[in-house]
Amino acid sequence: LTLLFGLASINTLTVISVTRYIKGCHPERGHCISNSSMTVALVLIWIAAFFWSVAPLLGWGSYTDRMYGTCEIDWAKANFSTIYKSYIVSIFICCFFLPVIVMIFSYVSIINTVKLSHMLTGLGDPTDRQRRMERDVTRVSIVICTAFIIAWSPYAVISIWSACGHPVPSLTSILASLFAKSASFYNPIIYFGMSSKFRRDIFILFHC
């Protein structure tokens, strides 16, 4: 369940970055982002998370018990089994590296598109409103991308280190794991604190 919800969080952030990319860089394709397409995206998010989290229960990969009352993928078994190694390599590529690449590409493209559009429309002298919008988009994009990478990179590095056969201190493993899973906690805070549109939508949703 821990892996399931963690992967669902990563997948959700990736889909959000793609929708922001479409809206910001290809507004003519904005009609593709509809209730039905978002429903399909949500279903795929959870199907992918379920697939990777249930695979070790079916023999592709393995879980192991930890001293702090939970379990996680047994990274060390990659040294003893080609099947386990293929699972670990696959989950790192599909569930960490690809999402990071997609998010970085999406947000960098958004920033560049906003800057370019302001240069073309404002002739190099953007209005205060344009400057504020560019600053807000840039700030939110950088914070979201940076927070994700900072939260999950230590856990990914430690896991790869363990998969290569090197011992990892228990405290280091615990802290990296907790830090990674804290992403599910602070992502909504980032959006609520830095996006006025998100706040408005939340207030409308709960009739505030």
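Including glycine, each Cβ sits where the backbone N, Cα and C put it.
Curation does not apply to TrEMBL; its annotations are automatic.
According to TrEMBL, the feature domain 'G-protein coupled receptors family 1 profile' maps to 1-191. What TrEMBL records for 39-60, 87-110, 140-162, 174-194 is transmembrane segment.
For the transmembrane segment (174-194), the residues of the chain that approach it from at least six positions outside its boundaries are 2, 5-6, 9, 13, 66, 68, 72, 136, 139-140, 143-144, 147-148, 151-152, 154-155, 157-158, 202, judged by C-beta separation under 8 angstroms. Across the residues of the domain 'G-protein coupled receptors family 1 profile' (1-191), the predicted structure has a mean pLDDT of 80.
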